[in-house]
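**Q** For CYS51-CYS63, CYS56-CYS68, CYS62-CYS75, the entry in Swiss-Prot reads disulfide bond. Feature annotation from Swiss-Prot assigns signal peptide to 1-21.
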Amino acid sequence: MQTSMFLTLTGLVLLFVVCYASESEEKEFPKELLSSIFAADSDFKEEERGCFGYKCDYYKGCCSGYVCSPTWKWCVRPGPGRR
């Protein structure tokens, strides 16, 4: 039982050391990855969403293919039961 506890503890310490070493090597990698994800994400939002969810009212209409929801006052896609 003592041997298995010793091996488990040694394995956890080894895992910690390996993770710490790889993290210190690649400190900039997560920042670069996140910035590239958010940069690509903002590019797709314009094409994908159009003006879905934008605020609208009597004076400011919606993009083509969307209607202003009278209840929520934002742009939605027209569908059955929507006015």
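Glycine too: its Cβ is placed from the backbone N, Cα and C atoms.
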**Q** For the signal peptide (1-21), give me same-chain residues lying six or more residues beyond its boundaries with a C-beta closer than 8 angstroms to one of its C-beta atoms, as numbers and ranges.
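**A** Apart from its flanks, the signal peptide (1-21) reaches none.
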**Q** Which has the fewest other Cβ atoms within 10 Å: CYS56, CYS63, CYS68, the disulfide-bonded residues listed?
**A** CYS63
**Q** Under DSSP, is CYS62 (disulfide bond) part of a helix or a strand, or is it coil?
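**A** Once the DSSP labels are grouped into three classes, CYS62 (disulfide bond) ends up as coil.
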**Q** Just to verify a number: CA distance, CYS68 (disulfide bond) to CYS75 (disulfide bond), in angstrom, no decimals.
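**A** So the alpha carbons of CYS68 (disulfide bond) and CYS75 (disulfide bond) sit roughly 5 Å from each other.
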**Q** Tell me, by DSSP, whether CYS56 (disulfide bond) is helix, strand or coil?
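**A** Looking at the DSSP assignment, CYS56 (disulfide bond) belongs to neither helix nor strand, so coil.
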**Q** So for CYS51 (disulfide bond), how many other CB atoms are inside 10 Å of its CB?
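**A** Cβ-Cβ neighbours of CYS51 (disulfide bond) within 10 Å number 17.
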**Q** In whole Å, note down how far the CA of CYS75 (disulfide bond) lies from the CA of CYS56 (disulfide bond).
**A** 6
**Q** Can you name the residues of this chain that are 6 or more positions from CYS75 (disulfide bond) yet have a C-beta less than 8 Å from its C-beta?
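**A** Counting only residues 6 or more apart in sequence, the Cβ neighbours of CYS75 (disulfide bond) under 8 Å are CYS51, PHE52, GLY53, TYR54, CYS56, CYS62, CYS63, TYR66, VAL67, CYS68, SER69.
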**Q** For CYS68 (disulfide bond), which DSSP three-state class applies?
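**A** Assignment for CYS68 (disulfide bond) reads strand.
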